[in-house]
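What TrEMBL records for this protein:
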type    : residues                                                                   : note
BINDING : PHE24, GLY26, GLY28, GLU68, ILE254, LYS256, GLY258, ALA296, THR299, GLU304 : Ca(2+) 1 binding site
BINDING : ASP298                                                                     : Ca(2+) 3 binding site
Amino acid sequence: MASLKVPPSVPLPEEDAEQLQKAFKGWGTNERMIISILAHRNAEQRSFIRAVYAANYNKDLLKELDKELSGDFERAVMLWTLEPAERDAYLAKESTKMFTKDNWVLVEIACTRSSLDFFRAKQAYQVRYKTSIEEDVAYHTSGDVRKLLVPLVSTFRYDGDEVNMMIAKSEAKILHEKMEAKDYNDGDLIRILTTRSKAQISATLNHFKNKFGTSITKYLKEDSDNEYVQLLKAMIKCLTYPEKYFEKVLRQAINKMGTDEWALTRVVTTRAEFDMERIKEEYLRRNSVPLDRAIAKDTHGDYEDILLALIGHAHA
């Protein structure tokens, strides 16, 4: 990978580390300073800042942030400051713990990241937790959900654009047969959705819709009170239209009686450097309200400020 050229307008990591150290000193923490630095640095720059901070002050920046900050603001800053692979490993681990179990987040990570990014997250998981995602998912799930999720987190999909139309046609037929029979836990259906590339699955599902006159998700809507079927639907959306999936997560997080800050923080911090522009377009299209306005209405203080900075709408 070509080395990142830091634009002249961005201060050096040494300067950033020094400013962060100053932000932690004295009476009270300078949250504005933390936002103005970390929310405006990309993953590589944040990684440099952490390394320089450790070298110059003999302290772990994440531990300092943890000590100095609190609440939703702390969670947002911490998640954002982690490297993407570390962050996904942490989110996956939280999703397999008994009290924070969340199969939707596992589907989200496995299906919306590139194959290489997901592989890196699995490596980071092993380094940090001394177990594998596969074994933890297998241990914390059962029945059809285990049958679906274990191969999903074990896969390394082809990530290119090449598509085999003969396979798309034959597998669209298989999927249609399974949908008609409501055979949602069939081995072939799971094999197709957990191993084929995103481009191949899109081609298969397009053929499905053209040939049979309806989308596969319409079939799944009828059984939407079943968790396994809901996970199948989420998988398909994450693999084919991730921006629609994330728009729905944000809409539900913001429109709840009381905001679901965990979901809001997770989506903003994990997508800010990837497809946030597409998610914002989808949010506006679906809700007729810009995402920044929806977030500003539902959050406040430093937490609001960092979310708005990360989605590209910082206060002047």
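Just so it is clear, glycine is given a Cβ too, placed from its N, Cα and C backbone atoms.
Unlike curated records, TrEMBL annotations are generated automatically.
From a predicted model like this one, the values you see are computed outputs, not experimental measurements.
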Problem set entry | Site of maximum Cβ density within 10 Å, from binding-site residues GLY28, GLY258 | GLY28
For this session: Enumerate same-chain residues with a sequence separation of six or more from PHE24 (Ca(2+) 1 binding site) and a Cβ-Cβ distance below 8 A; give 'none' if the list is empty.
Result: GLU64, GLU68
